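**Student:** Have a look at this one before I ask anything.
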Amino acid sequence: MRRKQRKRTPRASTALKSGPITDPKTTPVVTAQDLFEAESGPLKFKWVSGEAGKNRLLEPTTAKFPGMALVGHLNFVHPNRIQVIGEAELAYLAGLGKAEREEAVHRLFTCEKTSVVIVANDKKPSPDLVTAADKTALALFSSPLPSPVVIDHLQYYLTRALAPRVTVHGVYMEVMGMGVLITGESGIGKSELALELLSRNHRLIADDAVEFVRVGPDVIVGQCPTLLSDFLEVRGLGILDIRLMFGETAVRHKKKLHLIVRLESIQRMKMSKIDRLQATQLTRSILDVEIPEVALFVGPGRNLAVLVETATRAYILRMWGFDPLEEFMKRHHEHMNNHVVVPASAPAGETLRKARNKVD
């Protein structure tokens, strides 16, 4: 006689949020001078006039996502921070009467929202534009490239240049192609773990101070400040040049953040409270984006490099939709449903027959 088993639903991994990164996030400031220096090469800018306006800011106070509302074709109704004048806009200005053109040029260069005016399509700015730029101290650039190309390029640049960013203490590594941030209290062994990972052909991105930038609604990119690039500080060894010691392929400048590994000192009481099935998925907020987090305990005999690699492999499997805990619970559920329970008073032959029929 089979006892009817109560169906059990496999437990899905739930998410538990850790505290957010507490370092204050900042939004960098870009001026007309910064824009010219950064893009004069790709866009072949020439500074025609209005040099006195080099310190005008390009940071919009109302833009939800930096860069999206900063640049566009000439618009008098909703002025852009960067007004781009192409062939159609030049034709519009040329078709105006003298008084109307003077009014349009005056509105263009006296608008408080506008910081830069760019004449594209290899057109020479007219004398009235040059004079107005000098008079109002508003930067006037020219570019030989088509206006749509200029706008697309500037949107891409400004989205990243003006994106929210935060600096986090830790070591940032590329492990198996994934961006992994290693955090923990000072002296717990983050740099030593980074050295072990480097010896296992993984790559260093940043040590001690990692700059994270939110380049999209849910995309965080970590990079190394120029001053600290290629360097790793290890207690007892000092500052090491990883590029010279391990080669060019041992370092990279930036990488999308995928996983956070938090190192914690091992304690007997804390070890007894660990959820060994890890049914709860930890996350930590960086720039309002939730990033998966794994806690690893530091203690004698624990190979942290192998644990970090394994945590990264597990993350990759979850990205592909495979959860080992759910698979285990599914097998356990099937085993419980298929288990044959026979009363103790049943004859031995009956027990064997039921078991044989179940196998068949």
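Counting begins at 1 with the first residue displayed.
Glycine too: its Cβ is placed from the backbone N, Cα and C atoms.
TrEMBL does not curate its annotations; it predicts them automatically.
Values in this document were obtained by computation on a predicted structure and should not be read as measured data.
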**Student:** What range among 141-146, 225-230, 297-302 does TrEMBL record as region 'Important for the catalytic mechanism of dephosphorylation'?
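**Tutor:** Region 'Important for the catalytic mechanism of dephosphorylation', as annotated by TrEMBL, spans 297-302.
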**Student:** Counting all other Cβ atoms within 10 Å across every protein chain shown, which of the binding-site residues S186, S191 scores highest?
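**Tutor:** Going through S186, S191 one by one, the largest Cβ count within 10 Å is at S191.
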**Student:** Can you list the residues of the same chain, besides G184, E185, S186, G187, I188, G189, K190, S191, whose Cβ falls within 8 Å of the ATP site's Cβ centroid?
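**Tutor:** Here the nearby residues are L263.
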**Student:** Run through the domain 'HPr(Ser) kinase/phosphorylase N-terminal' (30-158) and tell me, per DSSP, how many residues are helix, strand and coil.
**Tutor:** 54 helix, 21 strand, 54 coil
**Student:** Rounded to a whole number, how many Å is the Cα of G184 (ATP binding site) away from the Cα of H169 (active site)?
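**Tutor:** G184 (ATP binding site) and H169 (active site) have their Cα atoms 9 Å apart.
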